[in-house]
């Protein structure tokens with residue numbers, strides 16, 4: 001190097017890892033700055049001025065830096081092997097220094113009443129499935145582990161927004177039909193299969209495999225199921241949900257339902273959409289000593305109802321769900337600018353509640369699926385089919401709207417694909433349409449920064465136990481190319497994502 005060469009300029013070298021984004025730069029500056037300052041101090045010492053063997057100093061510094069890094073890594077590996085927690089394998093480095101608050105994910109997320117089913121939904125997402133695959137898989141899982149609130153005998157409503165097409169589609173249950181007085185016709189399998197056929201990505205059999213395995217090998221009674229069993233008693237539910245002495249199973253007890261597993265595996269082999277649900281129906285009528293009904297379940301996919309708002313476009317389900325009532329309430333609420341956001345919580349705290357279940361899946365591109373289902377009462381009819389392990393609903397054939405079903409999606413601006421999206425779906429909330437209207441009004445009148453604070457305050461660890469009652473409101477948000485999930489009350493519904 002010539003003596004005329006200018007001063008050496010040191011530049012910060014930033015470590016790059018897959019998945020890191022621009023938000024990481026601030027954190028990396030804090031880590032890198034002390035190192036850069038130290039190098040600059042050495043550069044300015046008398047022995048390191050131009051003409052003072054700068055090349056030698058540079059090589060020496062590089063050697064010392066490499067030695068320090070290698071020594072540090074070796075020490076960390078040695079500490080890992082000698083850790084009192086045992087051999088944890090290679091040092092666990094975070095995939096990214098870009099951190100999020102709980103419930104915020106780069107790609108996709110699922111939130112449901114059961115930790116097992118939220119994990120199953122996440123597995124389907126990671127396996128290449130979309131939000132419909134994850135939602136349908138989680139719903140089938142809930143049919144196994146939460147028989148008090150949903151199941152193959154339940155009625156399903158859903159709302160799906162496709163970010164690629166910009167279309168929103170409603171899954172409708174069709175008119176309520178009965179097998180016998182007090183026993184509703186099961187429609188869950190035809191409804192979920194219809195939704196998956198049109199919008200899913202993974203094979204139908206793939207979605208049924210894990211729920212069938214849970215039913216066959218067993219699952220733990222979680223807090224919501226244990227609470228429902230304690231309140232319900234055991235009449236009609238033994239031996240599946242009872243101890244040998246006839247008392248109901250408690251928290252942590254193991255349940256196996258091999259007959260339900262067999263039904264799910266048979267349905268996985270259905271050769272055509274028209275045959276989905278037939279295996280279950282044939283076994284049920286045999287159990288009950290009935291003939292096959294002449295009218296088959298008629299779930300359908302229909303365009304969602306739409307309402308233009310100053311803030312964007314609202315989508316919800318058509319009648320006989322509570323969607324039309326929700327639309328009317330929103331129009332009057334937004335015009336009168338009432339109720340006060342503070343009054344929303346009172347709508348979520350009512351003694352008498354319908355029994356239902358809800359889940360939501362979302363991805364960072366804006367696609368989302370909201371599903372809600374009901375057996376009408378806790379454990380439905382209370383009649384456990386011996387050959388199928390299925391509990392039928394006690395829904396009656398009538399024209400009364402499904403007041404528990406009014407999922408909604410707010411698309412911020414159809415002309416801006418980067419705008420925020422919001423999805424809301426409730427379970428067990430009386431006056432559901434009013435509660436949803438109030439919650440949406442709160443969202444529309446709250447500044448964006450305050451919404452972020454509220455979302456963060458609603459989060460608890462994903463494995464939070466069942467600390468809430470039957471009422472829950474699930475919220476999914478797409479903001480800044482991230483998927484966010486939360487619940488009210490906070491922490492009552494486990495979530496997973498990646």
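From the backbone N, Cα and C atoms, a Cβ is placed for every residue, glycine too.
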Annotated range (Swiss-Prot: transmembrane segment) out of 50-70, 71-91, 92-112: 50-70
According to Swiss-Prot, of the residues 162, 245, the one annotated as N-linked glycosylation site is 162
Students should find that the Cα atoms of residue 162 (N-linked glycosylation site) and residue 376 (N-linked glycosylation site) sit apart, in Å rounded to an integer, by 30
Alpha-carbon spacing, residue 167 (N-linked glycosylation site) to residue 376 (N-linked glycosylation site), which is rounded to whole Å: 30
How many neighbouring Cβ atoms, not counting its own, are there within 10 Å of the Cβ of residue 167 (N-linked glycosylation site)? 12
Glycosylation sites compared (162, 376) - highest count of Cβ atoms within 10 Å: 376
